[in-house]
Amino acid sequence: MEWIINQLRDHPELAIFLTLFAGFWLGRFKIGKFSLGTVTSVLLVGVLVGQLNISVDGPMKAVFFLLFLFAVGYKVGPQFFRGLKKDGLPQVGFAVLMCIVSLIAPWILAKIMGYHVGEAAGLLAGSQTISAVIGVASDTINQLSISDAQKATFINAIPVAYAVTYIFGTAGSAWILASLGPKMLGGLEKVKADCKELEAKMGTSEADEPGFYTALRPVVFRAYKIDNEWFGKGKTVSELENYLVENDKRLFVERVRQKGVIEEVTPDMLLQPGDEVVLSGRREYAIGEEDWIGPEVIDAQLLDFPAETLPVMVTHRTFAGEKVSTIRALKFMHGVSIRSIKRAGINVPVLAQTVIDSGDILELTGTKLEVETAAKQMGYIDRPTNQTDMIFVGLGILLGGLVGALAIHLGGIPISLSTSGGALIAGLVFGWLRSKHPTFGGIPEPSLWVLNNVGLNMFIAVVGIAAGPSFVTGFKEVGFSLFIVGALATAIPLLSGLLMGRYLFKFHPALTLGCTAGARTTTAALGAIQDALGSDTPALGYTVTYAVGNTLLIIWGVAIVLLM
């Protein structure tokens with residue numbers, strides 16, 4: 001054991017990977033629905049490893065933190081700038097107000113309790129579950145005109161306060177929004193009914209059973225043998241498809257076999273009893289059609305044709321701001337189904353009245369030719385790739401860091417975004433540029449996950465190890481009262497957001513809950529809300545507010561230091 005400890009001291013990089021391994025492993029465990037989460041687990045393991053007095057020096061901590069912040073900005077950039085347009089301003093205004101409350105509440109509570117700047121920053125980071133504040137606040141503290149010893153004391157106190165307040169910040173947020181939230185908006189059953197009404201209003205063609213997640217329904221291809229009298233002496237392909245649409249069944253004839261020969265499908269092709277047809281569309285539309293068309297047939301030859309699902313980034317201005325129903329009706333969408341819509345990494349319900357934004361990723365499914373034709377009309381085919389444009393990433397962080405390093409002096413105090421704030425802003429701008437010009441700057445989802453999660457947790461691991469020797473002393477100083485203060489700092493902005501959404505902005509209850517979760521950037525709470533309501537509609541209010549909230553709450557790491 002002593003040999004292992006000595007090796008960790010001699011090779012601190014191994015201590016970091018020990019922290020990552022154990023932290024990610026611990027973060028997988030759940031008690032009921034509660035989990036510490038990866039970030040808190042990595043921090044606590046880092047604190048334990050730090051008891052071995054391991055010195056972790058060098059720029060590695062800053063490097064990984066900058067990668068993380070750039071990834072955060074890159075992910076939400078398109079939606080952040082999209083929200084600044086006229087129709088997104090109410091949600092932007094809501095997010096800004098709620099973020100201001102999210103800063104003021106911890107600040108006032110910290111002043112009342114007599115906390116120093118490090119404890120206040122940790123309170124903000126943990127109660128609002130915005131881990132990046134740890135790094136941004138640390139950078140800002142390092143710019144203060146105080147002794148190095150004071151800087152170290154303040155910076156080492158941040159993870160202590162963060163760890164104490166993060167638990168309720170996560171679990172409490174989900175409980176408040178999923179349990180108290182619906183009650184404050186008229187009661188759970190009323191809000192559920194309001195969600196079903198919104199779903200019906202936004203797209204009556206979608207199935208409306210409780211808990212039916214439209215974005216996750218697969219598209220299927222099924223074959224039937226025609227034997228219904230409705231076809232009489234024959235119906236054309238277009239007549240059959242129009243009849244299906246009139247009955248809220250958006251299905252397409254993809255293949256026809258007549259007299260044993262598979263024929264090319266045309267709109268005026270005559271379908272007669274005995275013919276075999278392949279229909280494509282959402283599963284809920286295709287199931288049951290054999291009751292009137294005819295029996296389903298399982299025929300490998302008939303169903304053996306190229307089908308494709310393509311992710312398409314919407315870049316053409318013609319389609320930005322259009323509803324799903326409008327896009328579905330376009331000629332080039334014949335035979336093509338929208339399988340899912342992703343916005344800032346969040347699945348948005350596929351309803352007839354859902355508005356498509358520039359930068360949205362649409363999954364289109366159908367035959368290879370039809371899907372590729374539709375994809376080229378709508379935007380850029382974002383085919384899966386394993387290559388990250390590191391020229392784009394490196395240049396973005398460099399330029400952002402240089403801008404963030406610029407400082408203005410107020411009363412002799414240098415004030416700047418810091419290199420970390422600059423990297424975040426660069427990520428926003430570069431992510432937006434990528435949505436407008438998708439031929440460059442690509443970062444695949446797995447790579448973005450690595451930049452986001454490994455970047456943050458590498459940083460947190462180093463923070464935990466460095467704070468380890470002073471963590472226990474710091475915890476004794478703040479005491480259990482900090483947990484109560486943290487719970488108040490978590491609850492006040494959330495309750496304020498619910499009241500603002502209902503009475504000031506007069507949002508729909510589903511949007512109020514989604515906007516509140518988004519402004520606080522708590523994805524776990526969004527999932528809890530959707531489970532409680534049995535509806536995906538709260539996600540419609542999440543993406544814009546998440547983009548704004550993620551940006552402002554990180555910048556508040558600078559603000560809380562200056563306010564204290």
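Cβ from N, Cα, C; glycine included.
Taken from Swiss-Prot, the feature domain 'RCK C-terminal' applies to 295-380, supported by sequence analysis. When pLDDT is averaged over the domain 'RCK C-terminal' (295-380), the result is 82.
Annotated transmembrane segment per Swiss-Prot: 12-29 (among others), in sequence order.
Under 8 Å from some Cβ of the transmembrane segment (34-56) lie the Cβ atoms of residues 5, 8-9, 12, 15-16, 18-20, 22-24, 26-28, 131, 159, 162-163, 166-167, 170-171, 453, 456-457, 460-469, 471, all in the same chain and six or more residues away from its ends. What Swiss-Prot lists as transmembrane segment is 34-56 (among others), and the listing cites sequence analysis.
Among the features that Swiss-Prot reports, transmembrane segment is placed at 63-82 (among others), with the record citing sequence analysis. Sequence-distant contacts of the transmembrane segment (63-82), counting only residues of its own chain at least 6 positions beyond either end whose CB sits under 8 Å from a CB of the stretch, comprise 88, 132, 135, 343-345, 357-359, 393, 396-397, 400-401, 419-421, 423-435, 443, 448, 451-452, 454-456, 458-459, 462, 543-544, 546-548, 550-551, 554.
Summarising the annotation, Swiss-Prot assigns transmembrane segment to 92-109 (among others) and lists sequence analysis as the type of evidence.
Within the chain carrying the transmembrane segment (116-138), a Cβ under 8 angstroms from the stretch's Cβ atoms is held by residues 39, 65, 68-69, 72, 102-103, 105-107, 109-110, 153-166, 168-170, 173, 418, 420-421, 424, 456, 459-460, 463, 478, 482, 485-487, 489-490, 493, 520-522, 550, 553-558, 560-561, 564, all 6 or more beyond its ends. Residues or ranges marked as transmembrane segment in Swiss-Prot: 116-138 (among others).
If one looks beyond the transmembrane segment (158-180) by at least 6 residues along the same chain, the residues whose Cβ comes under 8 Å of a Cβ in the stretch are 33-34, 36-37, 39-40, 43-44, 47, 115, 118-123, 125-129, 131, 134, 137-138, 460, 463-464, 467, 471, 474-475, 478, 482-483, 485-487, 489-491, 494-495, 498, 513, 516-517, 520, 522, 524-525, 527-529, 531-532. What Swiss-Prot records for 158-180 (among others) is transmembrane segment.
The transmembrane segment annotation in Swiss-Prot covers 391-413 (among others).
Marked as transmembrane segment by Swiss-Prot: 449-471 (among others).
Through the fold, the transmembrane segment (478-500) approaches residues 94, 97-98, 101-102, 105-106, 109-110, 113, 115, 119, 123-124, 126-128, 157, 160-161, 164-169, 172-173, 176-177, 180-181, 184-185, 512-513, 515-516, 519-520 of its own chain, all at least 6 residues removed from its boundaries and within a Cβ separation under 8 Å. Swiss-Prot lists 478-500 (among others) with the feature transmembrane segment.
Sequence-distant contacts of the transmembrane segment (541-563), counting only residues of its own chain at least 6 positions beyond either end whose CB sits under 8 Å from a CB of the stretch, comprise 69, 72-73, 76-77, 79-80, 82-83, 88, 91-92, 94-96, 98-99, 102-103, 106-107, 117, 120-121, 124-125, 128, 130, 132-137, 139-141, 144, 343-344, 346, 348, 413, 415, 417-418, 421, 424, 428, 507, 510-521, 526. If you look up Swiss-Prot, you'll see 541-563 (among others) marked as transmembrane segment, on the strength of sequence analysis.
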*Report, as numbers and ranges, which residues of the same chain sit near the transmembrane segment (449-471): CB under 8 Å and 6 or more residues beyond its ends.*
12, 15-16, 19-20, 23-24, 38-39, 42-54, 56, 60-61, 64-72, 75, 131-132, 134-135, 138, 153, 156, 158-160, 393, 443
*asked:* Are there residues at least six beyond either end of the transmembrane segment (12-29) with Cβ under 8 Å to its Cβ atoms? List them, or say none.
replied: 35-46, 49, 52, 54-57, 60, 454, 457-458, 461-462, 464-465
